[in-house]
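A.B. asks: First the structure, which I've put down as structure tokens, then a few questions once you've had a look.
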Amino acid sequence: MADKAKPAKAANRTPPKSPGDPSKDRAAKRLSLESEGAGEGAAASPELSALEEAFRRFAVHGDARATGREMHGKNWSKLCKDCQVIDGRNVTVTDVDIVFSKIKGKSCRTITFEQFQEALEELAKKRFKDKSSEEAVREVHRLIEGKAPIISGVTKAISSPTVSRLTDTTKFTGSHKERFDPSGKGKGKAGRVDLVDESGYVSGYKHAGTYDQKVQGGK
């Protein structure tokens, strides 16, 4: 008798996973990684100190392309002047320029925030000679912390005889004078057009309309 056929193994009834869209999977994974990285970066990035905020304000002053991470010599001098690091006695403009040239790299034209702090340490020794090194640095930092560039150079009006002649209505003569009232306000059309005076009085007569008052006063 022939051997009975062995029963076939039961098929795996677990349905196979349907293949997903690879592009969607990659996008989801990328978003997950970016969100995790953003969270870690936000937690790792400390808040700027008041000194570094002042550094960045002066670093970008007058330069729309500046990032605030490096400072030019001109802005360094302005910071020292506006924040009164330069007192004209212990620290002068020359001292500030010398320190900047000493701290920056030979082929560089700017200084970083770390170099900025080194430069302040150099100036602190001169600015506060009667204090210890640490106290002097703290005093210099207090002069700068929270400060911003002082905006100056506002154009002022310059009075000159020529300008005054052209703008002061009280000095106008002839037909130009008739276009403005005593307050300097323009009369409009009345100041440009010769209107016929039909009052019966001679032009320029100053007592027009006073006859009736005189007659009534004499009675």
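FYI, residue positions are counted from 1 along the chain as it appears here.
Here the Cβ of each residue, glycine as well, is placed from N, Cα and C on the backbone.
The region 'Mediates interaction with LIMK1' annotation in Swiss-Prot covers 1-116 and is backed by experimental evidence. Annotation comment: Swiss-Prot describes Thr14, Thr92 as phosphothreonine. For Ser18, Ser32, Ser35, Ser45, Ser107, Ser159, Ser160, the entry in Swiss-Prot reads phosphoserine. Per Swiss-Prot, compositional bias 'Basic and acidic residues' is recorded for 22-33, 175-184. According to Swiss-Prot, the Zn(2+) binding site annotation covers His61, His72, Cys80, Cys83, on the basis of a curator's inference. Per Swiss-Prot, the feature O-linked glycosylation site maps to Ser152; the stated evidence is similarity to another entry.
Each of these features: where is it, how hidden is it, and who are its neighbours?
C.D. replies: Sequence-distant neighbours of Cys83 (Zn(2+) binding site): residues of the same chain at least 6 apart with a C-beta under 8 Å from its C-beta are Ala54, Leu143, Ile144, Lys147. In the three-state DSSP scheme, Cys83 (Zn(2+) binding site) is classed as coil.
The Cβ of Thr92 (phosphothreonine) has 14 neighbouring Cβ atoms from other residues within 10 Å, across all protein chains displayed.
When secondary structure is read from DSSP and collapsed to three states, Ser107 (phosphoserine) falls in the coil class. Over all protein chains present, the Cβ of Ser107 (phosphoserine) has 5 other Cβ atoms lying within 10 Å.
The Cβ neighbour count for Ser152 (O-linked glycosylation site), using a 10 Å radius over every protein chain in view, is 7.
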A.B. asks: From the recorded positions Thr92, Ser107, Ser152, pick the residue whose C-alpha lies nearest to the C-alpha of His72 (Zn(2+) binding site).
C.D. replies: Ser107
A.B. asks: Restricting to the chain of Cys80 (Zn(2+) binding site) and a gap of 6 or more, list residues whose Cβ falls under 8 Å of its Cβ, or answer none.
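C.D. replies: Listed in sequence order, they are Ile86, Val91, Val96, Leu123.
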A.B. asks: Quick check: of the recorded positions listed here (Thr92, Ser107, Ser152), which one has the Cα closest to that of His61 (Zn(2+) binding site)?
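C.D. replies: With Cα distances computed to His61 (Zn(2+) binding site), the winner among Thr92, Ser107, Ser152 is Ser152.
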A.B. asks: Give the distance between the Cα atoms of Ser107 (phosphoserine) and Thr92 (phosphothreonine), rounded to the nearest whole Å.
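C.D. replies: About 25 Å separate the Cα atoms of these two residues.
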A.B. asks: Reported as an integer number of Å, what is the Cα distance between Ser152 (O-linked glycosylation site) and Thr92 (phosphothreonine)?
C.D. replies: 20
